[in-house]
Every structure is written in structure tokens, then in C-alpha cells.
């Protein structure tokens with residue numbers, strides 16, 4: 001940070017100051033407070049917002065003969081955004097040590113990938129035996145073509161920031177593991193900004209599209 005009389009501090013900024021303890025305490029009282037690196041996690045705040053997220057995910061909308069909701073995943077995402085916003089403005093709220101945060105993130109990612117593998121692996125033999133290579137090629141096309149089109153449109157038409165663009169793309173694909181890898185590679189939380197918005201929209205559209213296909217498909221046949 002430049003040493004300048006014109007430097008403007010905003011709420012939520014964190015400064016690292018060294019010097020005489022009495023003088024440091026004096027300046028801390030004038031501009032804010034001293035951040036204490038505790039090893040205790042604010043479980044009350046996390047549990048409260050966890051419950052709020054689940055309650056948001058239970059909200060459903062009824063249209064004619066079908067209904068849809070945003071789901072627990074999107075509800076927890078909204079709750080996490082609210083918790084992050086409050087913590088950005090009140091650093092003492094919802095504190096969690098960095099080591100504990102890293103452990104929870106890695107453990108959650110491993111559980112997610114294991115769950116997906118266990119749920120998808122049970123019927124893979126029947127699927128490959130029935131359609132074989134057609135299913136693999138179709139899956140490859142469906143997975144790659146939308147991502148390539150989104151990247152080209154976002155990068156060269158909208159001229160978006162690359163980190164923000166990749167986050168938005170992974171949110172549209174509802175792909176949490178890829179989001180974690182992108183954030184680690186970029187060494188920034190900027191991809192999460194794009195991920196949050198598109199993930200919520202994609203989660204609702206996926207639910208709605210599945211219901212519409214079930215309703216429309218018999219009529220097409």
C-alpha cells in the first residue's frame with residue numbers, strides 16, 4: 001500500500017501495523033479494532049446460516065401441474081453469500097481459522113466426488129452394454145461444445161475477465177470441483193463471483209427443464 005496522505009480506508013479493510021504497542025493500540029482505537037487470530041470457529045453463525053440455507057432450498061413454486069424449487073445446494077449457496085457479506089463488513093462475525101477452512105473445503109470436495117462416483121458407477125455396465133460408444137460420444141459433445149461456445153462468447157464478444165468468466169462457466173455447469181481448481185489456479189476468489197450467480201440460475205433451470213421434458217416428451221412421441 002502506498003504511503004500517502006490521500007489513502008482512503010474502506011470498511012472491512014485489514015491493515016498490518018508494526019510498532020510500539022501503545023501507539024499501535026492508539027491508532028487501532030481510532031480507525032477500528034485489533035483483529036485477534038483465534039483458533040475457535042464461530043459454529044453458532046455457521047449452524048444458523050446452514051439452517052437458513054436449507055429453509056431457502058425447501059421453497060417450491062407451483063405452476064399448473066408441476067412444481068420446482070431451487071434445491072438445498074442453491075439455498076446453501078445463498079446463505080453462504082449472505083454470511084460472506086456480513087463477515088466482509090463485520091470481520092469478527094462468523095470467524096473460522098484458515099486451517100479449519102481449508103480442511104473443510106478439501107473434505108467436502110472429496111465427499112462430493114465420492115458420492116457422484118458411487119451414484120453413477122452402479123449402472124455404468126448396463127449403460128455401456130446398451131448403447132456403448134454412442135453414449136460416450138454424446139456425453140463428450142454435450143460436455144465440451146457448450147463450454148467452448150461460452151468461453152469464445154465471453155472472452156471475445158463480452159471481453160470478460162478470464163477468472164470471472166471461468167467461474168461463471170463452471171457455475172452454469174453446476175460443477176463445484178472445477179470451481180475449486182480454478183480458484184486455486186488463479187490464487188484468487190474472483191472466480192467465485194461469477195460462479196455464484198450462474199450456479200443459482202442453472203440450478204433452477206435444470207430442475208425446470210427436466211420437468212418440462214417429462215411433460216412435453218410423451219406428446220412429441
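All residue numbers here begin at 1 and follow the chain in the order shown.
Cβ coordinates come from backbone N, Cα and C, glycine included.
Residue ranges 107-124, 161-178 are listed, and TrEMBL annotates 107-124 among them as transmembrane segment. Across the residues of the domain 'YidE/YbjL duplication' (46-214), the predicted structure has a mean pLDDT of 80.
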